[in-house]
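S.K.: One structure, pasted below without further comment.
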Amino acid sequence: MAALAYTLGKREINHYFSVRSAKALALTAVLLLAACHAASRRYRGDDTCEYLLSSGRFLGEKVWQPHSCMMHKYKNSEAKNCLIDKHIAFIGDSRIRQLFYSFIKLINPQVKEEGNKHGNIPFEDKSASIKVDFLWYPEVNGSMRQRIKSWTEAAMAKPHIIVAGAATWSIKIHNGSNEALAQYKINITSIAPLLEKLAKSSDVYWVLQDPVYEDMLSESRKMITNEKIDAYNEAAVRILNSSSRNSKAKVKVFSVSKLIAQETIMKSSDGLHLPESSRETNAMILMNVYCNKILKPIDGSCCQPQPPLTLIQKLAFCFFTLSIIGYLIINLIHRNNYRKNKSCTDLENGEEKKPAVSTPTVSTLEMLLHSFCKLGLIMTYFYLCDRANLFMKENKFYTHSSFFIPIIYILVLGVFYTENTKETKVLNREQTDEWKGWMQLVILIYHISGASTFLPVYMHIRVLVAAYLFQTGYGHFSYFWIKGDFGVYRVCQVLFRLNFLVVVLCIVMDRPYQFYYFVPLVTIWFMIIYVTLAVWPQIVQKKANGNCFWHFGLLLKLICLLICIYFLSYSQGAFEKIFSFWPLSKCFELNGNVYEWWFRWKLDRYVVFHGMLFAFIYLALQKYQVLSEGKGDPLFSNRVSNVLLFISVVCFLTYSVWASSCKNKTDCNELHPSVSVVQILAFILIRNIPGYVRSVYSSFFAWFGKISLELFICQYHIWLAADTKGILVLIPGYPVLNVMFSVESQ
C-alpha cells in the first residue's frame, strides 16, 4: 500500500508540476523578488554607506553583518595604503578614546593602550605619513567648540577624518539633571554648523552614545541611565544636519555602535565601556566607510558605487540590444505575412480554402537572433545580480544548519524522484548525470553556506570536485577508445561546449578566464587526453582487439602521461614558465600571475589519469565478459560482490574518518591528490555492485546533472556575489530559507 501510495503521489505531482511549470514558477518568483527589492531600494534609499552606519545584525557572536552589503576585513597593509598622508582626529570622551585605540591598531597592531587617559594622545605612522590624534574633550561645551572652530579657519590644516562624540560625562557631572540636557542641546546647536562646514571637505562622524549595562555600573555612575542616553542621542540626531541642504556637507551619524552595544554591553568590564571585540567592529566599520570607495575591495560592497561599464561591456550590451530589435522586427514581418495567407475565402461558394502556408517558416537568422535574445536576457539578469545594487549581498557565515538542512532537503527530493534506468551498465548515462547532479547541488550549497571554513566538509567537497575530473578522464577516454574519432570537428565541438558560456561571461561581467577556474581545468585536461591518445601510434579499441600488444602500447602512453604529471607537480617553475608565455598567460593569469592556476591544477593532478585508467580496465573487463551487467544482477559473483562491497564501504568510511580528523588544510591538501581516488572508486563500486542499486537512478538529480557545468559556472554570479566572496540575498534575515529558495528559484 505504501509503495502504491508513493507511486500515485509521484504521478499526481508530475502531472501538475513539470519542468516547464517549474521554470515558470522560478521566473515568477525571481520577478516578484526583483520588484520587491527594487521597491525597497526606492523607498529606503540605496545608499549602502547609510546602511553600514545605521543598521545590521550579528552572525553568530562576533561577526557583524551590515544591512544589504558586505564589509571588508582590512589588513594592516591595506589600512596604511588607504590612509597614506592622512590626518585623522578623534575628539570626545573615554568611549571615543577606546574607538581611537581600536582604529590605530588596524594600522599598527603592536600599539598598547598607554598614556594619560584624561589627556590628548598622538599617534603617527611615519612609513605611511599617517597621523591620528585623540583629543580629550569629554563634554560638548565651549572648549570643544573652540577646537572644532579652529579647524574651520583657512590657515589651519583640516583633518581628513573627524570622529566626535560625548555625553556620559555631562550626565555624570550634573547628576543627570534636565538643565544639563538643555545645555547640551544649546552647545551641540552651536557646534553643528561648524561640523557641517568641515563636512564639505572632510569626512565628519558623530558617534551616538552606546547604552550602558546599569546593573554593573559603579555608584559614581549610577546616574548614567539608558533613558538619559536616549534623550541625549535624540537631541544630537535632531539638531545635526538640521540646517544643511547639501548632502555632501552632511555630518554622518554613527548610530550602528548602539546596535552593536545592545548585543555586547553585558560583556563589559564596567558596564560603561564596550568589550574589545565590539570596539574592533566599530573601528572596522569606520575603515570600510572611508576606504571602500578608495581601495574598492571586491568583498567590500558597502559604500561602493556601481562599477562603470567597460568598452567591451558596452559593445556587448549594444550587440544584445540589436539582436532583440532585429528578432522583433523579423518576427513581426513573418507573423504579418502568415496572417495575410492564413484566411483565404472562396467568394463564389463561400467555402474557406486551406491557407497556402499552414505554419510560419522560421529562418536560420531568426533562430539565431532568438537565441541571442535569450542569452542577452540571461546575461542581463546575471549583471543585475552580481554587478548592480538591485539585490542585497552579504558576507558568508557558516553554521551547521545552513549547510546540512538544505542537504537533507535536496536528498529527500532526489530519493522521491527515483526511476528505472534504460540500461544497467556501470556508470551508464543516467547514473553519471545523477552523480554530477547531486554533487553540483552539494557544491552549490557548500559555496553559499561558506562551509569551506569547516575542514571536514571542505575535504569531502574536494573529493566531489575530483570526482568531476575523474568523470572527465573516464568519459573522454571511453569516447576516443571506442569511437576512434580524433577529428577537428569533435575537438571544436567539445571546446565550444565547455567554453562558450564562460567566454560570454568574461565579456559581460568583465572577469578573466581563469576566474572560472574549473572550465580552464577541464579544457586543459581534455586537450591532454586528446593529445595523449591522438599522437602516434593512435591506439583504439578496434585496433587493440586484433592484437593484445596494443594494450601494452596504450598502458605505456598512460605511464608517460603519469611521469609528465609527476614532473610538473614537483616543478612549479617549469609549470609557470609554460603558462606564462603569451597567449596562454592571458588565459591563465589571475591577479598578474599563474599561481592560482598552479594551485588548482596541482590539487587534483592525478584524478584524471585515474579516470582514464579506470575506463581502460572497465572496458577490458567488459570485453572479456568478466562483469555481469544484467538488470538486477550483481556485478560479480555473489561471493566476490559481497567481499568487494564490504571493502568499498570500509574504504569509503575510512576516508571520511580521515578527512573529518584533518587538523591542517595545507597538509590535507598535500595528501588529497593521491588518496581522493579511494573514496571515488569506493562510491562507484557501492553504487554499481548491487544489481538493484545499479538499475535505478534519481531523475531529479539527473536533470541537474545535464546542466551541471552551467550550474557550476552560474553560481559565481546568481547565487554567490562579489566574485564568490559573498552571497546573493533574496530573503534577508533567514539564511537557511534563503539557501533553499535560491537553489529552487534560480
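Glycine residues also receive a Cβ, built from the backbone N, Cα and C atoms like all the rest.
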S.K.: With TrEMBL as the source, identify the stretch among 465-482, 681-698, 717-734 annotated transmembrane segment.
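M.R.: In TrEMBL, the transmembrane segment feature sits at 465-482.
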S.K.: Is the count of Cβ pairs under 8 Å between the transmembrane segment (465-482) and the transmembrane segment (515-537), pairs 6 or more apart in sequence, 3 or more?
M.R.: yes
S.K.: Taking the domain 'NXPE C-terminal' (64-134) alone, what is its mean pLDDT?
M.R.: 94
S.K.: When you scan the chain for residues with a C-beta under 8 Å from the transmembrane segment (603-621), skipping those not six or more beyond its ends, what do you find?
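M.R.: The answer is 426-427, 462, 465-467, 469-475, 477-478, 481-482, 521, 525, 528-529, 541, 551, 554-555, 558, 561-562, 565, 568-569, 627, 669, 672-674, 676-677, 680-681, 684.
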S.K.: Return the stretch with the most CB pairs under 8 A relative to the transmembrane segment (397-417), choosing among 311-333, 437-458, 515-537.
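M.R.: Stretch with maximum Cβ contacts: 437-458.
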